[in-house]
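Visitor: Straight out of TrEMBL:
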DOMAIN    331-456  domain 'Vta1/callose synthase N-terminal'
REGION    481-586  region 'Disordered'
COMPBIAS  522-538  compositional bias 'Pro residues'
DOMAIN    584-619  domain 'Vta1 C-terminal'
């Protein structure tokens, strides 16, 4: 004990030594030695033991005595435990253990709460970052919406401006066409063509003239090719020169490039043909001029009959052009048709040797035409070109549609519908095709196929106006089979067997645009085969304009609706003579009855189906 004594406690070292020596021999000395040691450590050293020191000593002794008594009682309680105290002690230990366990649990919960708070803090930070990103995103979306609105506004303004430009260009095209027509009228008035109308015209033939018709230009007779050498040389030479000049003026007005230029026709001509070579050159010039006139007529969609009347064919072309108010517009359609063909061909095949050679030829031709038309506004401005092509397609479509509605169909109508549908394909070069042209394109191709099939098979063609009348009658007949609930028909009525034809469009491209038949009502229209349909004329921009006397097929006979008759089917009808066929009226009645039967099929009316089919069968059984 004295070995570990701090240096400041050296004054009590001898007390500790005495206590250690007498601890086992005399407890009293040991006790009081400790008391002195305690007093020496607790109180500062004093020089004398006075009253206050004695009181302090007594107090210390009492405190020590009480502690000894408590220690003794505690020792006695341990040596002789009391059941109640033991129970209290055990409970206190259990409570202390529970407190300790709960303290541990609380510490764990506090740790979990701290971890959760840390996660919540991290989540708040992430939420703040996300909110910041969302705010930035909303700001970006607002900027984007403003840009989109601005672009839409600009796009609308551009579209409106483009529409106005197209209207202005369309008006300019029409004005240009009127100007060209006026120039053509003026040219023909200058050259004063007079065409022999046959015996009724009572034209006086010149001397030594064996021509069947007497056609003249500026008062000079141009003979027919077969009788040319019986006429005066100077007058015939002058008439041919005037005709060549007239045709050259027409080509300049229409910007038409004939196969044989004017120079090649004028150069070999001489005022006399005493030599055989001179006569042959004169005849060759007349033949080439006739070919140029035929080329111009074909380019305008006007068929040319085999004839040697040079002035007559030219005057007939002039009459058709003036009557139909159409003027030849080849260059624009030529360039963009060829350009569309090149683009389509490159999508199909551009790797094979044959395809590359063909495409090279097409591109060479396209570049040559574009070089020739470098000063044309339609080549420089796509809007002008689009207006040209739309105007051309509209002319073709309206021409064919007008003739189709009247039922007066021929190859020219097939050709016009076929060409109009493909010209509308070319509009894809300028962006998305407008809905009116898109619908009309499908309708035109479908109509060309339908009319061509009727002409090829020799079956009567029913015009769209007649089909509308039949459909109205069929609708009136079918209304009696409709169920009482109109809502059920509108919601789930049978529509898979619709046999209606698409309605014909109105003149122009407006509210009358047709609806194309759906995929499950009629097969999709296909363009006619190349081998059967005459190809579109090269660089043509005016519709076919054949005269009424040059119809390739007679119009279908008018269909007369017979009154509905109720026949007695109890006895079979008398047999018809062998080899006979139903009349047109009977075919019309059979067609009407079968239509009624098909309408009844849609409404699942078995009785109406049976009655109509039996009536149609009764007509057929007679043959």
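Backbone N, Cα and C define each Cβ position, glycine as well.
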Visitor: Going by DSSP, how much of the domain 'Vta1/callose synthase N-terminal' (331-456) is helix, how much is strand and how much is coil, in residues?
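Guide: Taking the domain 'Vta1/callose synthase N-terminal' (331-456) as a whole: 108 helix, 0 strand, 18 coil.
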Visitor: Roughly where does the domain 'Vta1/callose synthase N-terminal' (331-456) sit in mean pLDDT, to the nearest integer?
Guide: 84
Visitor: Please count the residues of the domain 'Vta1 C-terminal' (584-619) that DSSP assigns to helix (H, G, I), strand (E, B) and coil.
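Guide: Counting residues per DSSP class in the domain 'Vta1 C-terminal' (584-619), I get 33 helix, 0 strand, 3 coil.
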